[in-house]
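Per TrEMBL, domain 'Cytochrome oxidase subunit I profile' is recorded for A:35-551. According to TrEMBL, the transmembrane segment annotation covers A:46-66, A:108-131, A:143-163, A:183-211, A:223-250, A:270-294, A:306-327, A:339-364, A:376-396, A:416-435, A:447-469, A:489-512.
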Amino acid sequence: MIAQTDGANFNVPSGTRIENPQGPSYLTGGGIMSWVFTLDHKRIGVMYLVGVLTAFLLGGVLALLVRTELLTPQVDFFTNFVESTGDEPNIAAAKDAYNVAFTLHGAVMVFLFIIPSIPAAIGNFCLPMMLGAKDVAFPRLNLASFHLWVVGACFFLAALLTTGLDTGWTFYTPYSTTTSGPVIAATLGVFILGFSSIFTGINFVVTVNTMRPKGMTWFRMPLLLWSLYATAIIQVLATPVLAITVLLLTVEKAVGIGIFDPALGGDPVLYQHFFWFYSHPAVYIMILPAMGVISEVIPVYSRKHIFGYRFIAYSSIAIALLGFLVWGHHMFTSGQSNLTTVIFSFLTFSVSIPSAIKVFNWLATLYKGNIHYNAAMTYALAFMFLFTIGGLTGLYLGSLATVIHLHDTYFVVSHFHYVMMGGTLVAFLAALHHWWPKMFGKMYNELWANIAALMVFVGFNVTFFPQFILGTQGMPRRYASYKPEFEGLHQLSTFGSYLLGAGLTLAALVLVHSLFRGRKAPDNPWGAATLEWKCCSPPTHHNFEVNPLMGSPYVYDNFVEDPNGDGYYEVLPDFKREAAPAEQPAQT
Amino acid sequence: MTSPALLADWFRPGASTTAHYVDNLFYVISVICVFFFVLIIAMMAWFMWKYRARPGHREEHTAHHNNALEITWSVIPLILAIWIFFQGFVGYVAMRNTPQDAYEIEVIAQKWSWSFVYPTGAISPELHVPKDQPVKLILSSRDVIHSLYIPAFRVKMDCVPGRYNEMWFEATTASDEVKDPTWDNDQNNPELKYTDGSATYDEAAATEGYDLFCTEYCGTSHSSMITKCIVHDEAGFQEWMKKAMDPRSQGTPVEVGKQLYNRRGCAQCHTIDGTDRPGPGGPSFKGHYGETVTFKDGSTGKMDDNYIRESILNPQAKIRQGYNPIMPTFQGQLNEDEIFALRQYIRSLNDEEVNDWAPKEGEEGEEAEGESEEASADGPATPQEESAGDAEDDDEAPATAEQPATTDEADNADPEETESDD
């Protein structure tokens, strides 16, 4: 296996095997407090992971409740959750319960899961290692960011326990300032989570700028780092706007100053402008890291250098910048001026180009590869399928004539689920499966993980594709009850959501099972060339005992599959050994 | 452009003059999307098969980038995107340029019902429009943001409190000409017509109108803000208008009251079976008439005709203990006849004696004739016939209740008439 030198252009050098020094894993040692107050980016990443997955479980259960209610046109399922008045079920209260469920589903998924999932959980774990650094630039700020996330999540939990938060995750005024629900608790939670997000962003920008070791140039950085860098810029620039917006909302609700509420002389559309000035770029906080993950996963499992590295890197920055200019497309029917509407429509189309470039580049990366269908790759390919649908359906929503009809219908619901869930969640799962051996030092069962991935893929499409049809037929979103003619498609969608739920549960079981019964992971199970695979699995506290050798993150020629099936190991090509003989002893 | 069969089923036929802008662009974008989707996924699937890892297969080294290729696949989507934008722009301009001669209807949205106010002063909970004539809607909201959406016309616009938004459309197909069963599916499911048991539109309208939805989330009964847009031909519209101008022409006060209860959003919060809905709902219409009730500030008062009237016109004035101040005002949306009808309806639910319409002739007869020619020609005649018929139905009521009713009605009828004169 080592000397597979038969390939035409391929020649594995019969060099020396590089051994990793093994030290105590970052996972072991210390009590619970050593985790709570750790400054290790990997432990913070793992704690974030536990946090966002808990939030995802909560949001997912709420989603299934919402979908179950929509099995029938009438409000019936949620009547089980509310006190009935007399003999009749209390329909009004059941509708309120439904409204609370979809609001919390949206708010929890967006603020507690999707936004922090890849940047905070995966990014925290991977970014310093991929960069070749020992930690992030500000470890204490990093810890503070996690603690703030917990505090922010607690405010959400408070809103959940008191229930009655029924504004939708967007908190549109004047509904949010007039409703009796715990809007203040939730918006303060968003405010605090915003700081958590800003801290992570600052940390990543400074880390990438200042902590690249010698030899790690900008264009040797793995593409995940480019996308995390672009994401961090958005986090730092856009999140303060959200913080101020929700603060204004809180002050308006608590004290009654008239900023948004027309009854007090305010302007409710102003709120939408403020809110989407953050929340549209936030969509790219959600999807950019996902694109970064896919740019890492596809080359590794295709054993191919990523195609068009610079185009992908620049398109990440382009998306981050253009993402600031398109918020107005959420207000096409709000009565903003026609000129504004036309300009925002035009700008909206500009974002589609860098996204398209990435898809074509991933496709070209597959070309003439040697494609391994590991679970992470299955998720990455599923991402390409789902993101293509999500991206293309954006054309309907950017175009003015069609969006008037489709705005606020299930078409939009489906579109953003394809992008945010089919995109970000599936990429998050790809990332989780890709880096799982590195994070926990255990291999999961590839077959069952793949079955779970296929269930997620099929379940996702069955859930959300019918919603495109519902939307074009005029089914408005956020309806507790609906016209009977939509029943069939809603039922299909609900059954899909059960399959999706089952797939996700299976994926979770496979991963948790691996923690207890999994085979010990080799240092580099996939033969990836980025630096985190040069640490041992799981890494030691300071990641690298010595500064790792820089090379291209996408050249796999030096990685040789272990004949015992124990992952890949790196051999130094002969010319490198000759060129740098001094470094060789340092490695061992 | 003729639509492909599959898409036609998916995307229902439009019924307004601007719908084709939406539909055509929808089909064009669909073709582009399907093309690129098939291209990308077919290539992906092909590569997935051809380059799958298997014994003896190795990756081949290919170029890491190719500027010409990458610029090509950036520029082609860019050109397509700009072209799609332009098509959308053209349609949008048509959809936003209101014709000068458009018939103006005011739309007042509130939790959780619609009021459509016509130039004649008529108000209806469903939207009635003439066929083949541009209609301009001036949208406003009494409380939170709502959004008016008629899928068949491919139109949508938010109703934002504190400002007026504007939209227009011209319906091309009268409602009763709609043969496509998908648009009036309701009649096949009479049981399911009102998805939560509360009717928001009348029986006739339900079978022949186009759906009209609220699409901006507005709280508890957001999904019940479904009503209909009924497109009449010219004569039918005049006929309907005549009827809408005069609630008396539609039945006894109790019948009209019941209709108002169902159609004006009362049913969303107030039951008629005696079950109160605290919190998001309201007290039942049944079982409280004449009771002494406690208000939020601790004071007490009697739930009588005065309280009902005040609650309709100024609902925030006295909130009953245990309920939230969420009821919108109906000031300017219900005329005195309608308030009278609602009062009689509530009385009837509580087994109180009900009153019939006060006669229009006598002290008001002169005024009514001077008012508007259309209304006075038909108006007084119809209610007389109706009330005559009704008197036979419940003959014990009028005899005893006639006297107080006249005085009661006379007080209220005067402002109403002055209102209609404007």
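For all residues, glycine too, the Cβ spot is worked out from N, Cα and C.
All TrEMBL annotations are machine predictions without curation.
Values in this document were obtained by computation on a predicted structure and should not be read as measured data.
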Contact check, the transmembrane segment (A:108-131) vs the transmembrane segment (A:183-211), 3+ Cβ pairs under 8 Å, seq sep 6+: yes
Same-chain residues at least 6 beyond the ends of the transmembrane segment (A:270-294) whose Cβ lies under 8 Å from its Cβ atoms: 110, 114-115, 118-119, 122-123, 170-173, 197, 223-228, 230-231, 234-235, 237-239, 241-242, 244-245, 248-249, 259-260, 312, 316, 319-320, 323-324, 326-331, 334, 358, 362, 380, 383-384, 416, 419-420, 423-424, 426-428, 430-431, 434
Contact check, the transmembrane segment (A:489-512) vs the transmembrane segment (A:339-364), 3+ Cβ pairs under 8 Å, seq sep 6+: no
Top partner of the transmembrane segment (A:416-435) among A:183-211, A:223-250, A:447-469 - counted as Cβ pairs under 8 Å: A:447-469
Beyond the flanks of the transmembrane segment (A:339-364) by at least 6 residues, Cβ under 8 Å: 291, 294-295, 298, 306-308, 311-312, 314-316, 318-319, 322-323, 325-329, 331-332, 384, 387-388, 391, 394-395, 398-400, 403
Distal contacts, the transmembrane segment (A:143-163) - CB-CB under 8 A, six or more residues away: 37-39, 44, 47-48, 51, 55, 58, 97, 100, 104, 107-108, 111-112, 116, 120, 181-182, 185-186, 188-193, 195-197, 199-200, 203
The transmembrane segment (A:376-396) in contact with the transmembrane segment (A:306-327), cutoff 8 A, at least 3 CB pairs, sep 6+: no
Tertiary contacts of the transmembrane segment (A:183-211), as residues 6+ beyond its ends and Cβ separation under 8 Å: 107, 111-112, 115-116, 119-120, 123-124, 127-128, 131, 133, 136-138, 141-142, 144-146, 148-149, 151-156, 158-159, 162, 165, 167, 171, 176-177, 221, 225, 228-229, 231-236, 239-240, 242-243, 246-247, 249-250, 253-254, 285
Intrachain neighbours beyond the transmembrane segment (A:306-327), with Cβ under 8 angstroms and 6 or more residues off its ends: 219, 221, 223, 226-227, 229-231, 233-234, 237-238, 273, 276-277, 279-281, 283-284, 288, 291-292, 295, 298-299, 344, 347-348, 350-351, 353-355, 357-358, 361-362, 364-365, 367, 554
Averaged pLDDT, computed only over the residues in the domain 'Cytochrome oxidase subunit I profile' (A:35-551): 92
